[in-house]
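Trainee: For reference, TrEMBL lists these features for the protein:
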{"type": "DOMAIN", "residues": "39-217", "note": "domain 'GTP cyclohydrolase I'"}
{"type": "BINDING", "residues": "CYS110, HIS113, CYS181", "note": "Zn(2+) binding site"}
Amino acid sequence: MCDKHLHDEMGDDHMSANLETPLRADAFELSAEEKVEKIEADFRNIMETLGLDLTDDSLKGTPKRVAKMFVKEIFGGLLPERKPGMSTFENKYNYNQMLVEKDIVVYSTCEHHFLPIVGRAHVGYISKGKVIGLSKMNRIVEYYAKRPQVQERLTMQIVKAMQDALGTDDVACIIDAKHLCVNSRGIKDIESSTVTAEFGGAFKESEQLRKEFISYIGMKTPFNV
Ligand SMILES: Nc1nc2c(ncn2[C@@H]2O[C@H](COP(=O)(O)OP(=O)(O)OP(=O)(O)O)[C@@H](O)[C@H]2O)c(=O)[nH]1
Ligand SMILES: [Zn+2]
């Protein structure tokens, strides 16, 4: 994907390239409907290769169902038009403490195994003149979660989007999530979860601010899965 396109997609002109979800230059040449049709055929092929009987009543709708779910639901955040509007307002009341949106539910998909990542994100910022609609923080988490992901990139993409919307570097995000590729297969460690953190601006500089942020979120265990 060319730099221009990457920047358009992220709405950002100083993003370092390695923050981007790896997409090909022709990623948006097919329409969503065309992608559903193609994936339906691909998934039918996978099921047939596994020896499944696609005439079975319960299985026959699965290829279409999976295709729709991939394109429109669990990977819907690959579509740039799904990026939420990040409404901001003037900080007229001069609220100058930290604001934390905590326990934002995260459902994402591990890009190595295409298995679920389930957990919570906590997002905080300190206003430099703009405040953001609360729900927009939940929405931006959802948008980037709805892609094939690694948790590190997801955490950083959320912080970058918030920094761009708010015009400040003073943004933090912590995600605590379970990866079913670790919990349900492979090493099968049902207890472990993964914590990632990205601290920008004042959060990076001040241990006191990081501690305050962490004290507000009072880390909980991610969902039992
Ligand atoms: N850094 C990082 N790794 C992840 C994430 N999600 C899954 N992984 C890891 O990606 C790795 C892929 O390793 P491979 O050795 O190629 O895959 P594998 O043979 O299925 O490995 P096992 O999971 O150990 O059975 C695994 O160690 C996963 O735990 C993530 O969000 N971030
Ligand atoms: Zn995985």
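Backbone N, Cα and C define each Cβ position, glycine as well.
Quick one: where do these features end up spatially?
Mentor: Just so you know, the Cβ of HIS113 (Zn(2+) binding site) picks up 15 other Cβ atoms within 10 Å once every protein chain is counted. HIS113 (Zn(2+) binding site) falls outside any helix or strand according to DSSP and counts as coil.
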Trainee: What are the sequence-distant neighbours of CYS181 (Zn(2+) binding site), meaning same chain, six or more residues apart, C-beta distance under 8 angstroms?
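Mentor: In sequence order, the residues whose Cβ lies under 8 Å from that of CYS181 (Zn(2+) binding site) (at least 6 apart) are CYS110, HIS112, HIS113, LEU115.
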Trainee: Show, in sequence order, which residues other than CYS110, HIS113, CYS181 on the same chain lie with their Cβ within 8 Å of the centre of the Cβ atoms of the Zn(2+) site.
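Mentor: Surrounding the site, in chain order, are THR109, GLU111, HIS112, PHE114, LEU115, ILE117, HIS179, LEU180, VAL182, ARG185.
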